[in-house]
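Participant: Okay, here's the structure, questions in a sec.
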Amino acid sequence: MAATSYFLLAVFLALASSQAIASDPSPLQDFCVADKHSPVKVNGFVCKDPMAVNADDFFKAAKLDEPRNTMHSKVGSNVTLINVMQLPGLNTLGISIARIDYAPLGENPPHTHPRATEILTVLEGTLYVGFVTSNPNNTLFTKELNKGDVFVFPQGLIHFQFNPVHDKPAVALAALSSQNPGVITIANAVFGSKPPISDDVLAKAFQVGKGTIDWLQAQFWENNHY
């Protein structure tokens, strides 16, 4: 009986610890530059031959110091993400970066990163930011940030940023704990899915009439990630 108890305890601790350290896989060598031309499909990318690697594999002239255009965005923001798709040297390193430009009264609408925690630093302007905890509490944590302030959004939780100033833009820099953090913009995913989610399903979920759902699904849900 005691042996069984110890075995069950060991299994429980192993499962708990595996969840606690969940993140991008740790590298087993100095680097693993992504070979995007390999036909082999793995969780990430196959490593490029180290003998063929050069400094350009770890470099991108991203010009993140330059302002991005927010005029054509319906939500008034422009997210410039640098992940493994743009910088092959990030493969297996568990990190990426993004510049976010906000027009006056612009926002980065509620979204989640399924594979990353995000830490945001305000470079210019003011931002009202927040995130919502999971069920059942759905607690909202918010803060107004000014230049130089830092805020963290836990992995997988819905979060947003909004520029409350009507006459000045804002800029932020975000670091994310994945080479490919992913993004799910809530409104886009729910009302702009292809094919559309049944209006019967959404009408019941949001407790509104089908006409409201049909109207929302007819809108153009723009992707502000470029």
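Keep in mind that glycine also has a Cβ here, set from the backbone N, Cα and C atoms.
TrEMBL lists these features:
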BINDING   ASN108, HIS113, GLU118  oxalate binding site
BINDING   HIS111, HIS113, GLU118, HIS159  Mn(2+) binding site
DISULFID  CYS32-CYS47  disulfide bond
DOMAIN    62-214  domain 'Cupin type-1'
SIGNAL    1-22  signal peptide
Participant: Please report the distance from the Cα of CYS32 (disulfide bond) to the Cα of GLU118 (oxalate binding site), rounded to the nearest angstrom.
Facilitator: 23
Participant: Quick one: mean pLDDT on the domain 'Cupin type-1' (62-214)?
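Facilitator: When the pLDDT values over the domain 'Cupin type-1' (62-214) are averaged, the result is 97.
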Participant: Using C-alpha atoms only, work out the spacing between ASN108 (oxalate binding site) and HIS159 (Mn(2+) binding site) and round it to an integer in Å.
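Facilitator: Here the two Cα atoms are 9 Å apart.
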Participant: To see if you understand the setup: which same-chain residues, six or more apart in sequence, place their Cβ under 8 Å from that of GLU118 (oxalate binding site)?
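Facilitator: When sequence neighbours closer than 6 are ignored, GLU118 (oxalate binding site) has VAL152, PHE153, HIS159, ALA174, ALA175, LEU176, SER177, PRO181 within Cβ distance under 8 Å.
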Participant: Rounded to a whole angstrom, what is the C-alpha distance between CYS47 (disulfide bond) and HIS111 (Mn(2+) binding site)?
Facilitator: 31
Participant: Only counting partners 6 or more residues apart, tell me which same-chain residues put their Cβ under 8 Å from the Cβ of HIS111 (Mn(2+) binding site).
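Facilitator: Expected: ILE158, HIS159, PHE160, VAL183, ILE184, THR185, ILE186.
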Participant: Could you tell me which of these disulfide-bonded residues, CYS32, CYS47, has the fewest other Cβ atoms within 10 Å of its Cβ?
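Facilitator: Looking at the disulfide-bonded residues CYS32, CYS47, the Cβ with the fewest others within 10 Å is that of CYS47.
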